[in-house]
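S.K.: So Swiss-Prot lists the following for this protein:
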- 1-30: region 'Disordered' (REGION)
- 41-47, 69-71, Arg336, 362-364, 444-447: GTP binding site (BINDING)
- Asp42: active site, proton acceptor (ACT_SITE)
- His70: active site, proton donor (ACT_SITE)
- Ser130: phosphoserine (MOD_RES)
Amino acid sequence: MSSGWSQNDHRSYSNPPPVSGKRPRNDSGNKVTVVLGAQWGDEGKGKVVDLLATESDIVGRCQGGNNAGHTVVVEEKEYDFHLLPSGIINTKCTSFIGNGVVIHLPGLFEEIDKNEKKGLKGWEKRLVISDRAHIVFDFHQAVDGLQETQRQAQEGKNIGTTKKGIGPTYACKASRTGLRICDLMADFNEFSTRVKNLVQQYQSMYPTLKVDVESELKKLKEYAERIRPLVRDGVYFMYDAIHGPQKKILVEGANAALLDIDFGTYPFVTSSNCTVGGVCTGLGIPPANIGDVYGVSKAYTTRVGIGAFPTEQLNAVGELLQTRGHEVGVTTGRKRRCGWLDLVILKYAHMINGFTAIALTKLDILDVLDEIKVGVAYKINGKRIPHFPANLEVLQKVEVEYETFPGWKSDTSAARKWGDLPAKAQNYIRFVENHIGVPIKWVGVGKSRECMIQMF
């Protein structure tokens, strides 16, 4: 057989046959179901994920780090997750930490140890970590604190970061000085040199920064061997999951729409895209494989830290919501600010994410109120504005236009189906649904999995 080149070969490559007609969009493969926060975080995403994870084969995280907090209650045991996908509880499910997540390895193992004591078993057989995920170092956390102190000194205010090193790690990623899990898995001497160079860069910017590099490298060498069996090429892992046998794949978003680096109340936001685009970039999957996108919202609104909050109630109502709702941050332990449900932000979150349905949580917290208000529009100088303001100073000046509803004044915590809810609570839910133009699929009336009323 001749392996030489011929004129025929040339013709076949330079004049390929035309592709007939328009190429169809490749919609093949399993669809990925996505759960996202629709407010400022702490909406109860973990509970919705937990419900769906019972039937899922894979649950993934696509962005954020251990600055997020999910609480899941199973058989009266309360599990707290920060980096681990909450699907890790399900023994038949693989949990995947994607390339868009930033991983603090000491934090990851501390979280695993805590949840093991509560009964989590066999996690190492069902956890996969992307080799392209970036590493959060202890010195990133120290820098996070120094930056907050600097902001406070210069501007008289800070961002209210969790000081978990998330922002500095994403900044390193963008400036191309970051290190990834694949670097830790490769030559450790080369990895060590790059870590030392990064520390020197930071110390030139922050002369007071003290770092015990050798101690951190020693710990990282130990962690490297512990995670080595869990590390995979995330792109190929997700491709096989989507294009292999039929699987149910679920993605749990961290943080929320109004904390998104692009679409949130900047600069009081997180450092990643926590809207639907972050799912594609944080896992390495095509948009065509995104299926249902579920938005999660409380029946009222909360926010941790500083930043604009148009429907905030700095009064007895806000205090009652805070107390009844046990509104304390899972990650920070800070009290959450509380206010009425804001449909302007919910509609805005839907515009970005294209929610196919909503989960409305913590309806039972409103049970004791005589009247309940819902923010339906913003006004500036008495005139309605047709959009959610990007500029923070404008947002802080808006007046909120409210619709007022009579309270139902009865306990909803035992409700397990739509018909069990009082008529006034049903009216409230239908109003929210109609205003934002998205069906409400679940209504939460308590902490446990059983307290989620499924509507359809």
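Any Cβ shown, glycine's included, is placed from N, Cα and C.
Help me see these features in their spatial surroundings.
M.R.: Under the three-state DSSP scheme, Lys47 (GTP binding site) falls in the helix class.
Other C-beta atoms found within 10 angstroms of the C-beta of Asp42 (active site, proton acceptor) number 28, with every protein chain shown included.
Reduced to three states, the DSSP call for His70 (active site, proton donor) is strand.
For the recorded site, Ser130 (phosphoserine), the DSSP three-state label reads strand. Listed in sequence order, Phe96, Ile97, Gly98, Asn99, Val101, Ile181, Val231, Arg232, Asp233, Gly234, Phe237 are the same-chain residues six or more apart from Ser130 (phosphoserine) with CB atoms under 8 A from its CB.
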S.K.: Cα-Cα separation of Thr71 (GTP binding site) and Asp42 (active site, proton acceptor), in Å?
M.R.: 9
S.K.: In whole Å, note down how far the CA of His70 (active site, proton donor) lies from the CA of Asp42 (active site, proton acceptor).
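M.R.: One finds 8 Å between the Cα atoms of these residues.
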S.K.: Including all protein chains displayed, how many Cβ atoms other than that of His70 (active site, proton donor) lie within 10 Å of its Cβ?
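M.R.: Excluding its own Cβ, His70 (active site, proton donor) sees 23 Cβ atoms within 10 Å.
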S.K.: Whole-number answer please: how many Å between the C-alpha atoms of Lys47 (GTP binding site) and His70 (active site, proton donor)?
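M.R.: With distance taken Cα to Cα, His70 (active site, proton donor) is 8 Å from Lys47 (GTP binding site).
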S.K.: Around the Cβ of Gly41 (GTP binding site), how many other Cβ atoms lie within 10 Å? Please give the count over every shown protein chain.
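M.R.: 29, counting other Cβ atoms within 10 Å of Gly41 (GTP binding site).
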